[in-house]
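See structure below.
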Protein chains: 2
Amino acid sequence: MTEAKIISALNEENFSHFSKTYVPSRLLLGPGPSNAHPEVLSALSLNPIGHLDEAYISLMSDVQQLLRYTWQCNNRLTLPMSGTGSAAMEASIANFIEEGEKILIAKKGYFGDRLVDMATRYKADVSVMEKPWGESFSYEEIKYEIETKKPAIFAIVHAETSSGVLQPLNGIGEVCRKNNCLFLVDAVTSLGALELLIDEWKIDLAYSCSQKGLSCPPGLSPFTMNKRAEDKLSSRKTKVPNWYLDLSLLNKYWGSDRVYHHTAPVNMNFAIREGLRLIANGGLDNVWYRHNTNAKKLWKGLESLGMELHVSEDYRLPTLTTVKIPPAVDGDGFRNHLLRKFGIEIGNGLGELSGKVWRIGLMGFNSSEENVDRLLNLFDTELKKYSIFESSTF
Amino acid sequence: MTEAKIISALNEENFSHFSKTYVPSRLLLGPGPSNAHPEVLSALSLNPIGHLDEAYISLMSDVQQLLRYTWQCNNRLTLPMSGTGSAAMEASIANFIEEGEKILIAKKGYFGDRLVDMATRYKADVSVMEKPWGESFSYEEIKYEIETKKPAIFAIVHAETSSGVLQPLNGIGEVCRKNNCLFLVDAVTSLGALELLIDEWKIDLAYSCSQKGLSCPPGLSPFTMNKRAEDKLSSRKTKVPNWYLDLSLLNKYWGSDRVYHHTAPVNMNFAIREGLRLIANGGLDNVWYRHNTNAKKLWKGLESLGMELHVSEDYRLPTLTTVKIPPAVDGDGFRNHLLRKFGIEIGNGLGELSGKVWRIGLMGFNSSEENVDRLLNLFDTELKKYSIFESSTF
């Protein structure tokens, strides 16, 4: 290859001189991502090392131990998957469903729908139990459906980011064991933020994400599975129809063999180790307490401004609050105003709640009294500017 | 939930006080990851912003334009997938294979094997053409197999990291078009480093990674597909059996609709924008020239030290050199010595070449004259210490 040949062949159509990469500074109080902790960002920007380097192998062990503490479990197979939360959600389906197997999905928001979509692609026999977006299931309802449908897997979202509902999980693990069913929990918006006891609650399989309770950027999805799930996996008759998310291959890399599977996103693993370490050093109980306290302060503040919360206090989600957009207010206008003028992101409603609620997240590093005060102050002073009646009341 | 209840329930078995996350500084001259450019690490550690924020949407467009330049194509559907290289490899199979469809895979190393494994999981009718690890296929051999087997897809690795072979691709695209077959190229170790002209070479589908030519950490996998591939995708009879990697959904997020699919790994996208920008600003032709020149310097230097290269110069890969471990040398001992004493990583052989060759990578930011000099100097002074005959000759 000569230099001249290269130059003559180049297509410059998509060439331009871009400036150095820059993004504006935001306070992310929406459904996620949330802001990363400064120490996490500092770990993230360490120079990469090899994914088979002994220093990396040792870091992997730290991450696994810290994840076990944060999940409150002793599961051997506990690891961060190399993709955002939906990757581990898909792994939970792909590895444990064989064609025609029954899965029962408790659907009460957007992420229940996603589980249904995934399970269908893996050719499960899907049953759905459903609640309006903003309600939770009772223990009795779930027990009845499991006993009646006899699924191989029962899947439910612990913290529904689309509706702002915290689903009580007490007792369900016991029902699943009695009915020879795996208990699968989506903990995307609860891990590292809300009470979650994988072993005590007899949860067989769970997944989460890095960008909420763990104060990291998005890019990894923590996953854990117990012996019951391992047994189901090893009794598969067919190969897992997904290579990247195949847990038997991932187990060889994250287990004691450390056999190369895919090149790990090493820097994201530096970051998650730091995010998990900050949680452990602060104490998981203190982290849970902080999230509860700040959420209650937000709820009280919003109500005292005359706003109405979408979800009943009994099962309201501390990490993500859905607050009704007052009828006389331009919801998108106010959101954009907060973002452009104050650099604060809050979320629009998803799916059927779009335009009806805003979604306010207080997660990980961002769950602080200071952030609650800052936001309440802006609701107090700025919201009236977005009344569509051009009056100051709503 | 009371504070007392939380505290009593906590399992402290996996708790310990870890120190701040730290990894040693390494010069990564193995098969990848390679060191990231300092400006890339600085972009990586910017605070995350929302994946639907207008500033992020604009950054996504920059990334897509810069990728089109680096791929040398005008494909609308050009995007980085949210996983490491193998994720995009799997996307190339999952989206374009339907049960029973024919794929022909040209296998000449480890990553050909991986394509076979993936295609089997998606129930393709797999044909394989094979060469020893260290050789390449001729145009005539490929043409004959495509004309005989009539596959729906022909897949080949451009730069085989396991063997150190650069596969010439000239003319194959034309053969594929004449035989109504998609041309799929694995460019993991060539994108942003070696001459690669997606449009001119009539490549229909290609994927790569972030941690080699692009000087980023691992975590994203650039992907591109043309109109022929889009047509095949839209003529599928069945849903893509993989949700995370479903290109029709990804297209809605990266295309003009910007419909939420999964939460993007935003920080990795900050990083890849910067890595691509540095390539564009330096000029792709200069980048290719630098990789070729430094590799030749390395080859000459190794040979002048009496070492033998595994691959014939005709199809030797500039980004990854396989050099034979002299029979009298303890290969692992020397590698570990370089790592522990000098902080330099070189790779062991993979698969059948394990213990027979070392793999030396000069990719992206790490392809520099200085790194070549440094490594050659260490081969000159340190290798003799690892002769198993305890003599200074080998």
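Here the Cβ of each residue, glycine as well, is placed from N, Cα and C on the backbone.
Nobody curates TrEMBL annotations by hand; they come from automatic prediction.
Model, not experiment: these values are computed from the prediction.
Under the heading domain 'Aminotransferase class V', TrEMBL lists B:50-375.
When secondary structure is read from DSSP and collapsed to three states, B:Lys212 (N6-(pyridoxal phosphate)lysine) falls in the coil class. Close to B:Lys212 (N6-(pyridoxal phosphate)lysine) in the fold, though at least 6 residues off in sequence, lie B:Gly32, B:Pro33, B:Ser34, B:Val188, B:Thr189, B:Leu191, B:Gly192, B:Ala193, B:Thr319, B:Gly361, B:Met363, B:Gly364, each with a CB less than 8 Å from its CB. If you look up TrEMBL, you'll see B:Lys212 marked as N6-(pyridoxal phosphate)lysine.
Annotation note: B:Arg359 (substrate binding site) sits in a strand segment as assigned by DSSP. Positions annotated as substrate binding site by TrEMBL: B:Arg359.
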Mean predicted confidence [pLDDT] for the domain 'Aminotransferase class V' (B:50-375): 96
Residues satisfying Cβ distance under 8 Å from B:Arg359 (substrate binding site), sequence separation of at least 6: B:Gly30, B:Pro31, B:Thr161, B:Gly164, B:Leu320, B:Thr321, B:Thr322, B:Ile346, B:Gly347, B:Asn348, B:Gly349, B:Leu350
